[in-house]
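Okay, structure first, notes after.
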Amino acid sequence: MVSDRRLLKKFGKIADKIIALEPQMRQLKDEDFILKTQEFKQMLENGKSLDDILIEVYAVAREAARRVLGLNAYKMQLIGGIILNSGDIAEMRTGEGKTLTGIFPAYLNALSGKGVHIVTVNEYLSRRDSEINGKVFDLLGISVGLNGSSLTKTEKREAYNKDITYTTNAELGFDYLRDNMVSDYSLKVQRKLNYCIIDEADSVLIDEARTPLIISGGTSTRINLYKAANNFALTLKEHDDLDIDLESKQVYLNEQGMKKANEFFSLKNLFAIENTEIFHLIMNALKAQFAFKEGVEYTVRDNEILLIDQFTGRIMHGRSYSDGLQQALQAKENVDIEEETVTLATITYQNFYRLYSKIAGMTGTAKTEEEEFIKIYNTRVIQTPTNKPVIRKDEPDLTFGTKNAALKKLVEDVLEAHKKGAPILIGTTSVESSEQIARYLKKANLKFETINAKNHDREAEIVAKAGEIGAITLATNMAGRGTDIKLAKGVAELGGLRVFGVERNEARRIDNQLRGRSGRQGDPGLSRFYISMDDDLMMRFTAPKTRQRFKALGDDYIKSKMFTRAVTNAQKKLEGMNFDQRKNVLDYDNILAQQREIIYAQRDDILEANDLSVVIEKMQITAAYELIEKHSTLVHGEKTINKKELLEVIDGILVPKNKFRIDDFNNKEKMDLAVEIAEAMMQLYKARISDIPDDVIIVMERKIILDAFDKHWTKHLDIAGKLKSGIYLQQYAQNNPLAIYIEQATNLFNKMKINIANEVVENLANVILRVVEDEEQREERIEVTDKDIEEILFETGLQPSDINNKAINQRFDELEEEFKDDKQKLRRLRIQRDVMLGLVLELERRAEMIISPQNDQQAITQLIKELQNDIDIASITIDQIHQNFNNMVEQINDPEKLKHLVIAKDVLLQLVARMDDIKEQEKQTRKKKKKKPHEDESSKTKIG
């Protein structure tokens, strides 16, 4: 691999050539920049590569930035831009102008028209950078979009269709997952993933890599089980019942713990397959009780569990743990237990960013993680020299026996620096630590600003003022990244910004980020860490005897470069463990990634296809083969097809009636027979859809196939997740857990594809039949007139007095039996039956329309029956209704019932009037013509 020095020398020569074009670029008029952009695009169309035009493109962008922002990029920023275009990580110190550096590769790659994504860690930075740099891109004739969580799908699509899109890493990943859940291709918002520039690349690609992106949906709650698992966890004791690995923060039941679990839940064997759910709940309860701390991984606010970003200290609103861990934490903290979520779609950041054709990133600290960048993302980390030498003083750590002693010394040093007026930034690793330090500062009557998970709304504003005289800022971890701390006038003379770190972080890189807040662009500064044996890192990596010796120091401390190196070595060990953990996440996700790519690619094909017959045909072959397997029995060690059973389940249902005989199944290989059955399936399917418009069919097919894909993919993710959570137990059987997982996940995936095929074939058969029936019913509802009713009565021999459900069904049953061999006549009879039954329904609806919703409908219906006095609706006269009404009125004293009776009379009179109209039409028809009316095409259209 080429060394950084050689690369920087090579890129430095290119940067010199860019700077040499400055006099020429100064001659450009403002309107010339758009013309240059058009010229560059034409050069690419004519076969030039991005590298071929890089020098002139960067020179034009440099001049545009100078005119718009008043910033003339210096050589190191141009070198950073060249590194980014090469698809690598540029390590640039704080204050070295990363925002300006990103303009050059973004402009160059936007010329291809394939889109550029500039990724930030929060929406504030996305908005800020898009507004500032957007003015430069506007002069260049390049469109800029801003993506955010509050945008509609249309707004997101517009943002992604711009030449350059600013977005947060989380929103970018969630948009990708949501795009692969849409039911119509036009609903997608993203284009193909081409090129992205990631700001704070270490935060996105390393720190957040352990947490996958998950889109969840609701499922049933199991509140009592969560509480039971939590109560069980409370009965356990460390060492006696549990093995807790402090280094990896993993919690396991030991042999005694397993015995207790069996007793508590009345189980014979906790690890039996039927107890998978219980085991999963127990493991989550153990994590919640013993591995997660309030104020570190999460906080409780307003009866709700809120997740804390471990690397910035910010609350992650809208985010929750999946697979029941959120509910386990809710049970632990005794807050309302929410509905458990099931994973609908998921991807790790590692596998998401590997979908891009090219990725690049900028950060102040990444060299310590270069091995991971190379192995996971195939990107190098190239350190760019600072524009001015770093003169900040990094002092050795002060190591104490107790946290109390460390914080006392911290307050002394803060008071001393504050008396001089020097600004101070105190960095902590958690909200809990931040609040503890705040109490010490308040006790010393010091005024300070705080940024942590519970107070981050004014983050950028507080960080920007942290360089003012007398400012004291208490920040959780790397809150405020992306916002420079500029020294106020006179601060440099006071020694610059003091950075005091309380407790070392898990990674040297994060410590370096904290140090790097001081001493930007050649400013003076000082950094120092206060370490105690109570710190998490020390508890995990120092021997009890060592901790005891330090505690004997009291308030005294050790200031030793040797011990500082020992702490650094512990961090290196932890970095290796964290890398292994992230690599482990990736190894398990790789199998899902391959499966996800297959599913998403097939999904896209289905969304874009205008003809799905090939897809359906393949599924029919799969379904046919599975049917053959299902109806095969083991005879003398060989599976033999039960031919009679097989014929019964397919004949007339999945294949045309009498298409196969039992003899047709003789002497055939199962796959050959499956192909024959599938061909017959397609034959019947095409016959059933022959009368349905193509545009209706494609929509129906697409929906059925996508529904099956999504349903079974979701189920697969859930099963695979549960499989992974317990796979570590395989190591006790001397098996390789990853190898077992890959094998079982592959089998699950193959089974999932079979289930999809079976469901699609079955649902297509059922739904298409319903569509045919619905289409018939839709047609028969078109323009059904009194003349149509008249013709049906004449054809079928029905009388007006027969207009009730029982008489209609009885007569049509007789006619269908009579014409059972005449398919056309049968079709017409079915339509006529539905028309007549529809007429009865219409008469009933008319009655209901008159009855006000506020009235007692049941009472009125009973009164209508009494008014009819057991006389058929077709025979009763208006006079009889009035007579019955008068008789009933004399017997009613209740005003409410009298009102109901009046309504009932009106309803009945309307029904009788309708029947009289039908009778009159029948008489007129019989007078005109006694033979069957001519059945012309227009009547067929109206009725059928």
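Positions of Cβ are set from backbone N, Cα and C atoms, glycine also.
In the three-state DSSP reading, Asp484 (ATP binding site) counts as coil. Around the Cβ of Asp484 (ATP binding site), the number of neighbouring Cβ atoms within 10 Å comes to 19. Annotated ATP binding site per Swiss-Prot: Gln77, Gly95, Glu96, Gly97, Lys98, Thr99, Asp484, in sequence order.
According to Swiss-Prot, the region 'Disordered' annotation covers 920-944.
As annotated by Swiss-Prot, compositional bias 'Basic and acidic residues' applies to 933-944.
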Packing count at Gly95 (ATP binding site) (other Cβ atoms within 10 Å of its Cβ): 20
Listed binding-site residues (Gln77, Thr99), ranked by Cβ neighbours within 10 Å, top entry: Gln77
Check: same-chain CB within 8 A of ATP site center, minus Gln77, Gly95, Glu96, Gly97, Lys98, Thr99, Asp484: Met92, Thr94, Leu100, Thr101
Span of Gln77, Gly95, Glu96, Gly97, Lys98, Thr99, Asp484 around ATP - largest C-alpha separation, Å: 16
Which same-chain residues, if any, lie at least 6 apart from Glu96 (ATP binding site) yet have Cβ under 8 Å of it: Met76, Gln77, Gly80, Thr384, Thr386, Asn387, Arg520, Gln521
Structural state of Gly95 (ATP binding site), classified by DSSP into three states: coil
Nonlocal neighbours by CB distance (under 8 Å) for Gly97 (ATP binding site), same chain, sequence gap 6 or more: Leu71, Ala73, Tyr74, Gln77
Cβ neighbours within the same chain of Lys98 (ATP binding site) - under 8 Å, at least six residues apart: Gly80, Ala90, Met92, Asp199, Met362, Gly364
